[in-house]
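Data first, discussion second: the structure below is written as structure tokens.
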Amino acid sequence: MASQGEAHPYVPHDLKLPGFVPLFLSQSEIVGVYGISSLLVVVFMWIFSGFVPKLSKTDRVLMCWWIFTGLTHMVLEGYFVFTPDFYQKTTPVYLAEVWKEYSKGDSRYVGRDAAVVSVEGVTAVIEGPACLLAVYAIATKKSYRHVLQLSICLGQLYGTAIYFITAVLEGDNFSTSPFYYYAYYVFANHFWVWIPSLIVIHCWKKICAAVNVHEQKTKTR
């Protein structure tokens with residue numbers, strides 16, 4: 001167990017982390033649990049969506065994405081936001097272990113960088129519940145489902161942009177090694193760049209098509 005002021009593995013090495021406690025779990029255990037639990041959530045939603053009448057495969061895939069990203073925002077990122085002392089946990093708490101491990105790729109998390117905490121706070125409190133609402137809206141074919149998804153995606157893209165831009169402006173030197181930089185900082189976050197972008201295009205087309213139909217009906221009256 002680490003005592004107050006014990007050395008930590010993060011960059012910069014002079015980062016002050018009083019009471020830091022080293023990881024209890026291995027990287028494979030942490031990543032494995034997250035991967036398996038995420039897969040189970042997605043599989044459950046895919047099976048569940050199959051019982052919803054008249055849902056396209058695209059809508060079913062979107063429901064899988066929204067339940068996955070929504071729970072990730074609320075549970076994983078929510079824990080980070082509301083548990084500033086996660087690196088001091090003296091017993092194995094899985095969510096704390098996740099963030100101690102991820103901080104090897106971006107030490108701004110363990111260092112409680114203001115920009116990161118702010119972005120994650122908005123993501124966990126607003127976007128997380130909105131993602132679950134999107135699941136409901138798609139399943140019940142609510143008229144606002146495309147506008148809602150478009151709004152969430154724009155929020156995710158904005159948050160991701162702030163996340164990367166602030167890192168660059170601050171020197172982009174927060175990873176313990178190139179492996180953690182590309183595995184955690186780049187790879188783990190790239191899904192929230194291209195997937196929301198594709199959903200924005202999908203929803204934009206749906207909204208435009210609906211407006212065109214409405215305008216055509218208005219002209220024929």
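The backbone N, Cα and C atoms fix where each Cβ goes, glycine too.
The domain 'EXPERA' annotation in TrEMBL covers 58-200.
Residues or ranges marked as transmembrane segment by TrEMBL: 31-52 (among others).
If you look up TrEMBL, you'll see 64-82 (among others) marked as transmembrane segment.
Here TrEMBL flags 114-138 (among others) as transmembrane segment.
If you look at the transmembrane segment (150-169), the same-chain residues 6 or more away from its ends with a CB under 8 A from one of its CBs are 69, 106, 108, 113, 115-116, 119, 122-123, 126-127, 130-131, 134, 185, 189, 192-193, 196-197, 199-200, 203-204, 207. Among the features that TrEMBL reports, transmembrane segment is placed at 150-169 (among others).
Note on the transmembrane segment (181-201): residues 62, 65, 69, 102, 104-106, 149-150, 152-154, 156-157, 159-160, 163-164, 167, 174-175 of its chain, located 6 or more positions outside it, place their CB under 8 angstroms from a CB of the stretch. Marked as transmembrane segment by TrEMBL: 181-201 (among others).
Taken through DSSP, the domain 'EXPERA' (58-200) splits into 111 helix, 0 strand, 32 coil.
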